[in-house]
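Notes follow once the structure below has been shown.
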């Protein structure tokens with residue numbers, strides 16, 4: 001009797017920071033399955049790196065964050081790959097492909113994908129196709145590169161092993177058979193059963209349980225720790241910028257409600273924002289849902305589910321449907337993905353709507369979908385309103401509505417100076433879309449509208465950022481234009497405290513804003529610490545320098561002020577100073593680096609190439625840190 005050969009499995013590993021890499025990986029998963037190929041889809045931190053040599057075909061989908069940084073989920077895996085005892089033949093039996101997601105506006109564009117590709121090759125693995133690089137700047141976003149790359153990938157895999165795709169690389173099974181089963185199932189409970197569970201639980205504990213039991217459904221490890229580390233209440237909400245200046249920057253102060261808090265300067269605070277109550281109600285009404293019903297969400301009993309969703313925490317207690325939507329589903333801020341439109345097309349009863357949705361979900365309609373959806377930042381609620389004949393089952397909505405994500409902010413206080421508090425410096429985000437529709441940032445506008453008198457509970461998590469806390473003996477060169485000054489307010493507060501009990505190293509701080517009158521953030525604070533004996537004072541070897549870009553005809557930025565103070569900067573660098581840069585990711589980090597290159601070249605009297613190498617060595621030594629945000 002001939003043993004039937006077990007079909008090969010395609011392993012897809014993803015490392016995501018914001019969720020885009022998960023979307024791309026899930027798309028590869030669906031497309032492979034439609035070609036009859038079995039797939040295992042995992043977040044890279046759910047995969048044991050020591051078993052990599054046993055895999056025949058692995059597809060990596062990885063995003064690059066910040067200034068070329070690894071997403072958190074790939075850090076352990078990457079460290080494993082860098083072990084010196086791994087030989088050049090360690091992965092000789094492995095075939096692989098890498099698709100990266102990045103933004104060519106950043107200096108280290110798709111750096112994680114590029115270095116992963118090189119390392120896999122160095123360890124003996126064979127690339128099935130050339131790496132693909134998705135670019136946020138492309139008219140269709142990362143999908144502009146993913147579509148052609150995927151087509152090449154399927155053909156290359158088919159040539160390598162035709163058994164992978166039993167019906168050929170182009171042929172897809174009927175989509176309908178794959179659309180039948182959503183990945184989650186929902187059980188409804190009567191109200192009495194739901195309310196009896198919660199009647200005697202205090203508010204803070206109840207909210208903690210609800211967050212924990214709703215957010216487990218997020219794909220991979222995107223949700224981080226399910227349960228908040230603490231709850232905060234706002235105690236101060238002060239404007240920092242002048243009214244009518246065209247910017248709204250706030251200083252927020254929070255106190256811990258449930259437990260004591262611990263953080264270091266340079267750390268980051270993640271906040272789960274509240275959603276607009278009217279938008280949540282409108283979504284529930286549009287989808288014909290009962291807000292007061294109690295539900296339990298769990299994995300559908302099929303093989304796909306445990307791959308894409310971390311469901312070890314399946315809802316143990318029923319939760320109110322409205323609470324689930326509020327805490328887990330971003331209905332009025334994030335834009336839905338392409339797959340959302342594909343699934344919508346199956347539930348559209350009006351023919352013209354079905355046709356338009358099918359076009360949007362097709363390769364031909366990709367650019368038009370990007371114009372309609374992502375560029376306009378169309379929300380789930382708006383999309384559903386544009387296609388009124390679509391009635392999607394709640395199971396599909398739970399699976400496909402973008403998850404409500406936490407927002408990250410640089411902490412602008414020192415824990416030593418404010419033991420039970422944490423402060424943030426937040427620019428309230430608002431912009432106009434190409435079709436002149438006003439948009440606001442979900443979290444920043446929600447925080448700006450909070451009344452400190454109302455004691456609203458704010459779920460929060462603390463995390464290490466890209467700016468390590470410096471010891472008091474380390475000289476610092478800080479560059480923080482705009483809200484980039486936030487972490488350095490904490491640095492200066494901390495060093496001022498340290499200076500009361502012993503000697504501290506000097507700090508040079510370069511701040512920048514548009515106008516001295518309108519948005520000179522924390523003006524009095526910086527000037528106070530620049531005075532006699534302060535940690536930013538000249539007599540302590542430090543200095544505070546402000547660039548007001550719009551206060552004269554010629555624009556003046558932080559890099560211009562740095563060049564003016566090149567002698568001071570060079571002196572501090574030769575004394576072993578560390579450089580910290582924070583602020584907008586646009587052009588600022590590269591302009592600042594260029595200024596440093598010129599300063600090192602001029603003051604150190606070395607050619608430009610040597611200055612570039614010198615700064616690279618500074619970065620490798622852990623003394624050049626950048627935290628930038630878009």
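Cβ from N, Cα, C; glycine included.
The domain 'Flavodoxin-like' feature in TrEMBL is assigned to 10-154. For the domain 'Flavodoxin-like' (10-154), the model's pLDDT averages out at 90.
What TrEMBL lists as FMN binding site is 16, 17, 18, 19, 20, 21, 63, 64, 65, 66, 136.
Under the heading domain 'FAD-binding FR-type', TrEMBL lists 227-475.
Annotation for residue 377 (FAD binding site): same-chain Cβ neighbours under 8 Å, separated by at least 6 residues, are 335, 433, 439. Taken from TrEMBL, the feature FAD binding site applies to 377, 407, 408, 409, 410, 441, 442, 443, 444, 629.
In this view, residue 556 (NADP(+) binding site) is surrounded by 16 other Cβ atoms within 10 Å of its Cβ, with every protein chain counted. The NADP(+) binding site annotation in TrEMBL covers 483, 549, 550, 555, 556, 557, 558, 559, 591.
A sphere of 10 angstroms centred on the C-beta of residue 65 (FMN binding site) encloses 20 other C-beta atoms. Spacing of residue 556 (NADP(+) binding site) relative to residue 18 (FMN binding site) is 34 Å (Cα to Cα, whole number). Sequence-distant contacts of residue 442 (FAD binding site), defined by Cβ-Cβ distance under 8 angstroms and a gap of at least six in the same chain, are 273, 275, 330, 332, 333, 407.
When the Cα of residue 16 (FMN binding site) is compared against those of the binding-site residues 410, 483, 550, 558, 591, the shortest separation belongs to 410.
As a whole number, the greatest separation of Cα atoms within the FAD-binding residue list 377, 407, 408, 409, 410, 441, 442, 443, 444, 629 is 25 Å. Nearest Cα neighbour of residue 63 (FMN binding site) among the listed binding-site residues (410, 444, 483, 550, 558): 410. Residue 408 (FAD binding site) has a Cβ environment of 14 other Cβ atoms inside 10 Å. With respect to residue 408 (FAD binding site), the closest of these binding-site residues in Cα terms is 65, chosen from 20, 65, 136, 591. The maximal spread of the NADP(+) binding site, taken as the longest Cα to Cα distance among 483, 549, 550, 555, 556, 557, 558, 559, 591, is 19 Å.
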